[in-house]
Amino acid sequence: MSSRQTLASWKKLQLLAQDKKSQHMNTLFAQDSERFNKFSIELPNMLLDYSKNLIDTETLDALLALAEETQVCDWRAKMFAGEKINKTEDRAVLHTALRRQSDEAFIIEGENVTEHVKNQLAEMEVFVNKVRQGHWLGYSGKRITDIVNIGVGGSNLGPQMVTEALKHYSDGSVNVHYVSNVDGAQIAEVLRPLEPEKVLFIVSSKTFTTTETMTNARTAINWLTSASFDENSVAKHFVAVTANKENAMSFGIEEQNIFDMWDWVGGRFSLWSAIGLAIALDLGFDKFEELLAGAHDMDQHFINAPLKDNFPAILALISVWNTTFLGSQSQAILPYDQTLHMLTAYLQQAEMESNGKSVSWDGDEIDYATVPSIWGELGINGQHAFYQYLHQSNNVVPADFIGSVKSVTPVKGHHETLMANFFAQTQALMVGVNEEQVRADLKAKGRNAEYIDNVAPHKVHKGNRPTNTILLKCINPRNLGSLIAAYEHKIFVQGIILQICSFDQWGVELGKGLAAEIQTELQTDNISAQHDCSTSSLLKFYQSAK
């Protein structure tokens, strides 16, 4: 048995879960007219309503006791102080230091992190302004018009999600494109309409050895030099973001064109660093600073707010309750704002790569449910795709509904229609409709008894489906920064409670190693006899069918 399961709060939550499974949220709302006020958190720029979950005051108190018994506040202090809480890699976890709004020295292992970050930001600002103002010239002397960000995972998904969410702030000084897939179809499609003499590539890789990224970067260099007929043109068209400056220089990128990363920043938490260069180039450095400021706002709230009023902590506790104690196996992220169309994919990586593990930080096998699988889609699209499953499947899927009060493009009538669906869905998922109501409705519509008997069971919705509602006042850089940081801290709190190291990704590394071996076999046409018969047969079929 895990040490977590011996905690008094854990045992109480197990008992409460058995009791709550027989309750309905409709009853809880009927019994307490103050339920929304008790189970919601309002910040200056956003609101969290978690009242549509199968909880009451006793449950919340037990969840808060669990956070106390698992020392969430102590671990939070350790993270912000720069202690090495990434146990398996012996590293500090300091993505929050990238958005500190202070000049105060922050010394980690003899290095002033504040100074490093401020110097990096200053270098980024100079570079961004030079490119956006047309002073950075390509090999032919023409200004840069297009940026191609080459990366994968955290080096791609975070920046792309943000630039998509905030594209209404872009003034068109440059056009930003992203390449992440090693399938050559993507880079070929991105490069096809571009003019080599006007393109600047950002190669983002912490190690500068990531196979997918380096393959795409080599293709980009070949594309450029075949047009310029000059290998020296690389210096004017390539910059790198990496923690491995030597590898980047060996690749051909000049030292002055290399921006630093640090080992205390994980890839999926790195958009606040120079990994976010594409964001700043697209939106302007001032908007990038607003993004950082919004994340810092949430950092301060996370540090200072009591856990019962703490936006990220409550998100984490509700997720632990729904997954570990009530048994939900997945969670939907459902943005009702077109600008957030990549948010689900971003949060899928952030949460599942962080906490999708089954071994505790002590090395013991975990025998309780940890992170749910994260999935979803833009809300309106989802309504016509998988909401049937959310409403009537025998699997209960908790969902986060995320919307904004003000639309970035206020086309008359559209936002009200969108938000009417937003509010209706959370109510419908909770309230449902019983068979008595269905029969009465069908009878009122003049249906005969035979029809009612046949159809009524199919129209029953049990309801009692848990949801969180997050409402931002608008989608702007500062509010988006706060939202992203809230989910980052949610993931951290989940990891602490579940006794998981949230900042490594060994499952990713295993596949990388095997892929490298198989790639060699495919290139040499020499399939190893060490594979299982399925893999060996697939490789042989692939080779013979080429």
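Yeah, the Cβs are placed from backbone N, Cα and C, and that goes for glycine too.
When secondary structure is read from DSSP and collapsed to three states, Glu353 (active site, proton donor) falls in the helix class. The active site, proton donor feature in Swiss-Prot is assigned to Glu353; the stated evidence is sequence analysis.
A coil conformation is recorded for His384 (active site) in the three-state DSSP classification, outside any helix or strand. The active site annotation in Swiss-Prot covers His384 (among others), and the record cites sequence analysis as its basis.
Sequence-distant neighbours of Lys512 (active site) (same chain, 6+ apart, CB under 8 A from its CB) are Thr211. According to Swiss-Prot, the feature active site maps to Lys512 (among others).
The Cβ neighbour count for Glu353 (active site, proton donor), using a 10 Å radius and every protein chain shown, is 22.
Annotation note: Lys512 (active site) sits in a helical segment as assigned by DSSP. Glu353 (active site, proton donor) sits 29 Å from His384 (active site), taking the C-alpha atoms as the reference points.
Within the same chain, no residue at least 6 positions away in sequence has its Cβ under 8 Å from that of His384 (active site).
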